[in-house]
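K.L.:
Got a structure for you, questions after.
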Amino acid sequence: METVRVGLGERSYDILIGPGLLGRAGGLIGPYLPRPFAAIVTDETVAGIHLEPLRAALAAEGIASEAVILPPGEATKSMANVTLVVERLLGLKVERDDLVIALGGGVIGDLAGFAAAILRRGVGFVQVPTTLLAQVDSSVGGKTGVNSPHGKNLIGAFHQPRLVLADIDILATLPPREFLAGYAEVVKYGLLGDAAFFDWLEAHGSALRDGDTLARLHAVRRSCEMKADIVARDEHERGDRALLNLGHTFGHALEAATGYSARLLHGEGVAIGMALAFEVSARMGLCAQEAPSRVAAHLAAMGMKHRLADIPGDLPDAEGLIALMGQDKKVRQGRLTFILVRGIGQAFVTREADMAVVRAVLGEGLAAR
Ligand SMILES: NC(=O)c1ccc[n+]([C@@H]2O[C@H](COP(=O)([O-])OP(=O)(O)OC[C@H]3O[C@@H](n4cnc5c(N)ncnc54)[C@H](O)[C@@H]3O)[C@@H](O)[C@H]2O)c1
Ligand SMILES: O=C(O)C(=O)C[C@@H](O)[C@H](O)[C@H](O)COP(=O)(O)O
Ligand SMILES: [Zn+2]
């Protein structure tokens, strides 16, 4: 088992990464519980595979548990479900000092974390991420929340978990499409700040995809190290943390345009958004033209969606997509913020993107559909 520490003063916590952690959950979570009880929030798909092993591991250490089970999918991340979860947790008499366990992907982690943040004005929670995306990204850093009809993640709170348990073995049951969507956020770390990690992913991405445990362990650990470092520097996204949003200004607009449906998973939108951010950067003369080609080549080699043409069904035109970006949380004084690049591993945050270039890149991508 490896440990990555998120250094946030009195809100610091450990990310434990390794195989077989779910079976040890009772022993690992027990020390954080004031009484032998935990409430678990999960979704139907994850519950069918991993809930009973978790409950058995807790019971083995004398910890009783109750579960709240939601439907799977991005549409679950709504205020209606926050209300439902909070009311169920209150019904279970979850106390201020109890812990909520989020067992699932980013949808469950974001929603359960937000429910914990507002329950009795804040109870603690533990992340047990079950997707690659959640292990490398959403379970770390304390961004919790849900979508609004106005846009992605617009309602939420910063609420750090007390502990993250990333069991690598759990990824064995993840469908390939979900694995690749999570892999987009892994690639993001290389592209935003670690060119050597991107080199490593080019060499080992297929082994990782095909189930190599050591490769998965390395990718999850390196991703968590990078995220922990950025979050410790800028917990509330006043500056550098926005680097973690590489590809997301585009990606979130695409998710809104596809109705938060199975047409486009979050990670798929991020992969396409990163390819667009690299293309915009090259056209603005910020980076060499080889950079977007290299990014697109790796995403394609992994079998990932990486072009607007890869999204099924209708999409708004370029103006429509730019209008959707208007609700992005990084908008300041009406100006869009983009994460652009000077090369692989050299991302930066800017409000000076050339909107004519953005419009042209979107227009060409849409025309190729
Ligand atoms: N808070 C953050 O910092 C942050 C970071 C990145 C993404 N996110 C959010 O995360 C969400 C996406 O998360 P996600 O990609 O994990 O999606 P998800 O939570 O919808 O999970 C993907 C699908 O896989 C299923 N699943 C989960 N684990 C499984 C397993 N081990 N075996 C089989 N099936 C399994 C789920 O039931 C679901 O159908 C988005 O809402 C995104 O906005 C948040
Ligand atoms: O942790 C962060 O900060 C991120 O930006 C990570 C992203 O991968 C993630 O999708 C996050 O939820 C996006 O945040 P938002 O503030 O743009 O909604
Ligand atoms: Zn993301």
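Any Cβ shown, glycine's included, is placed from N, Cα and C.
Take a look at what TrEMBL says about it:
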{"type": "BINDING", "residues": "Gly106, Val107, Ile108, Gly109, Asp110, Thr130, Thr131, Lys143, Lys152", "note": "NAD(+) binding site"}
{"type": "BINDING", "residues": "Glu185, His248, His266", "note": "Zn(2+) binding site"}
{"type": "DOMAIN", "residues": "68-180", "note": "domain '3-dehydroquinate synthase N-terminal'"}
{"type": "DOMAIN", "residues": "182-331", "note": "domain '3-dehydroquinate synthase C-terminal'"}
K.L.:
Pop the Cα-Cα gap between Thr131 (NAD(+) binding site) and His248 (Zn(2+) binding site) into the table, whole Å please.
P.N.:
19
K.L.:
Long-range same-chain neighbours of Gly106 (NAD(+) binding site), Cβ under 8 Å, sequence gap at least 6?
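P.N.:
For Gly106 (NAD(+) binding site), the qualifying residues are Pro129, Thr131, Leu133, Ala134, Asp137, Ser138, Ser139, His266.
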K.L.:
Which numbers of helix, strand and coil residues does DSSP report for the domain '3-dehydroquinate synthase N-terminal' (68-180)?
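P.N.:
So the counts come to 50 helix, 34 strand, 29 coil.
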K.L.:
Identify all same-chain residues not among Glu185, His248, His266 whose C-beta atom falls within 8 angstroms of the centroid of the Zn(2+) site's C-beta atoms; report them in sequence order.
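P.N.:
In sequence order, the nearby non-listed residues are Leu133, Asp137, Ala184, Lys188, Gly247, Gly251, Gly267, Gly269, Val270, Gly273.
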K.L.:
Fewest other C-beta atoms within 10 angstroms of its own C-beta: which of the binding-site residues Asp110, Glu185 fits that?
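P.N.:
Output over binding-site residues Asp110, Glu185: least Cβ neighbours within 10 Å is Asp110.
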K.L.:
Where Ile108 (NAD(+) binding site) and Glu185 (Zn(2+) binding site) are concerned, what is their Cα separation in Å, rounded?
P.N.:
17
K.L.:
In Å, rounded, how far does the Cα of Glu185 (Zn(2+) binding site) sit from the Cα of Asp110 (NAD(+) binding site)?
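P.N.:
Rounded to the nearest whole number, the Cα-Cα distance is 16 Å.
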K.L.:
Mind running the binding-site residues Gly106, Ile108, Asp110, Thr131 against ligand 2 and keeping the ones whose CB falls under 6 Å of it?
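P.N.:
So the answer is none.
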K.L.:
As a check: which entries in Gly106, Thr131, His248, His266, the binding-site residues, place their Cβ less than 6 Å from an atom of ligand 1?
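P.N.:
Near ligand 1, sequence order: Gly106, Thr131, His266.
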